[in-house]
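What TrEMBL records for Thr164, Asp238, Glu263, Lys293, Asp297 is substrate binding site. Sequence annotations record features per position, and here TrEMBL assigns domain 'S-adenosyl-L-homocysteine hydrolase NAD binding' to 298-459. Positions annotated as NAD(+) binding site by TrEMBL: Gly329, Glu330, Val331, Gly332, Lys333, Gly334, Glu350, Asn453.
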Amino acid sequence: MVRPQPSVASSLLGGCPQLLPRLGAPCDERVIACGTISCLNIQYFYHNACSWFQKIGFCGIRFLISVMHKTDVFTDCYCIVILHFFLVHTQESLEDEVSPRNKEQKNSDGSKDFCIKNIHQAAFGRREIEIAELEMPALMILRKAAQGEKPLVGARIVGCTHITAHTAVLMETLSALGAQCRWAACNIYSIQNEVAAALAERGVPVFAWKGESEDDYFWCIDSCVNVEGWEPNLILDDGGDMTHWIYKKYPQLLKNIKGIVEESVTGVHRLHQLYKTGKLCGPAINVNESVIKQKFDNFYFCKESILDGLKRTTDVTLSGKQVLVCGYGEVGKGCCAALKGLRAIVYVTEVDPICALQACMDGFQLARLNEVIEMVDIVITCTGNINVVLREHLEHMKNGCIVCNMGHSNTEIDVTSLMTPELTWRRIRAHVDHIIWPDGKIIVLLAEGRLLNLSCSTVPVYVLSITATTQVLALIELFNAPERGYKQDIYVFPRKMDEFVAALHLQNFDAHLTELTDEQVKYIGVNKNGPFKPSYYR
């Protein structure tokens, strides 16, 4: 019988043998050094055993470990799988016992100016960020260009976005350009704890952990702003929560704000409300309605991630399913295109006659919600509005109907109306809840009505690189604009900058642009170097 060397055993344990005494197992490698180790067998058994181990729980696994120490009843592969599963998943369980707000952590430089799940996850998060950097070429180009001139020196940016590997690349690019940043999350489920740890280790004050409560969420936002001796002069927002928190709690800070950059439909709507009431503190750039974001991020991002989110959470077969997509903007278009590609039968609801006509000519059936709600298998909201799917609609859905949201806010589905005594909530797996009616009918709610793709799946980083680049350039523009160069108004990202961002991303495709001749330039009346579309082009 061939026994693995200690170094091999340690690597199979994920380098965490020190955890074994806490689990009731001996701190040596006899537990797994019980026979021939086959990587293929491990992989095979892992996929077949993990679902079973999830059912028996941590106490059951602790018992199995004690049995493994006394008997050879388990095969080598199952021994390793049990330990791997326990060490990976129990670590988070043990961390959950203490709120990050009640833990004192510090990075390797001794800084404590952050609040995250576990600073010891930083190495893994750093690898995630390095992978994302490979898919974000434009930001890496901006970093190299800034090695001499740093256009954001003196900028103090407070941000509220998703905290994932791709936004980490954005934050570190801002730092490389000279900015000081403090960051919170705009979504409690999209946070990658290991990425937050990597940022904290590099000295970025980040306040976020996956699964925050509502109180935690606003505490994290407040921790970014309420800092002695530090006041923000730029806001980067996704949804408007950071902007409105400053307006509500710290209006004295508004005098120093040089500008706001907003990414989402919801946040832009909230900015317009401030503008209409004369409360907008300074210029704001609406990144969401830039051509580059609408045509790439909103469409391709959702087209790729909607299927990933549905598959990871429900394992549903989409071919032949009847799906209702609420809204046919760029997000809705992306979702419909992906679902159609898998031969789902897609219905669309829309209020805008232009978008409605597009849906019809793209081959989708336009209907009202109440006309098809009883027959569809899946309902997806993509409107950016509130109360699109109400309790009365949920009452009429068929048994097993899946309900999810691809818009920014968690208000599109009236989840609050489901918090009533006669309905039973049952958590099936992460981000999947069964809402059980008194007659036994089940509605499958994903991510509690929050953003499906960033809560439940991975995202196409290259597409998000385009949006991140627009955000960086918008911040540079606002920070370096001459005094009174911008009014207290909401501006759309300039067309020339749209084309610049696109050109930066063409390099990865080895693409070669055609140049206009002088005769052609004169004929169509544009500059040889652009912009090639008018400012009103959408």
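For all residues, glycine too, the Cβ spot is worked out from N, Cα and C.
Mapped onto this structure are the features recorded in TrEMBL.
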residue	record	CB count, 10 Å
Asp238	substrate binding site	25
Glu263	substrate binding site	29
Lys293	substrate binding site	25
Gly329	NAD(+) binding site	20
Val331	NAD(+) binding site	28
Gly332	NAD(+) binding site	29
Lys333	NAD(+) binding site	23
Gly334	NAD(+) binding site	23
Glu350	NAD(+) binding site	23
Asn453	NAD(+) binding site	26
Rounded to a whole angstrom, what is the C-alpha distance between Glu330 (NAD(+) binding site) and Lys293 (substrate binding site)? 10
The predicted model's mean pLDDT over the domain 'S-adenosyl-L-homocysteine hydrolase NAD binding' (298-459) is 95
In angstrom units, rounded to an integer, how far apart are the Cα atoms of Gly329 (NAD(+) binding site) and Asp297 (substrate binding site)? 12
Using C-alpha atoms, which one of the binding-site residues Asp238, Glu263, Asp297 comes nearest to Lys333 (NAD(+) binding site)? Asp297
Gly329 (NAD(+) binding site) -> DSSP, reduced to three states, gives coil
Reading the DSSP string in three states, the entry for Asp297 (substrate binding site) is helix
What whole-number value in Å do you get for the largest C-alpha pair distance within Thr164, Asp238, Glu263, Lys293, Asp297, the residues recorded as binding substrate? 18
Could you state the whole-number distance in Å separating the C-alpha atoms of Glu263 (substrate binding site) and Asn453 (NAD(+) binding site)? 16
Across all chains shown, how many C-beta atoms besides its own are within 10 angstroms of the C-beta of Asp297 (substrate binding site)? 25
Nearest recorded site to Val331 (NAD(+) binding site) by CA-CA distance, among binding-site residues Thr164, Asp238, Lys293, Asp297: Asp297
Whole-number Å value of the largest CA-CA distance among Gly329, Glu330, Val331, Gly332, Lys333, Gly334, Glu350, Asn453, listed as NAD(+)-binding: 22
Just to verify a number: CA distance, Gly332 (NAD(+) binding site) to Asp297 (substrate binding site), in angstrom, no decimals. 12
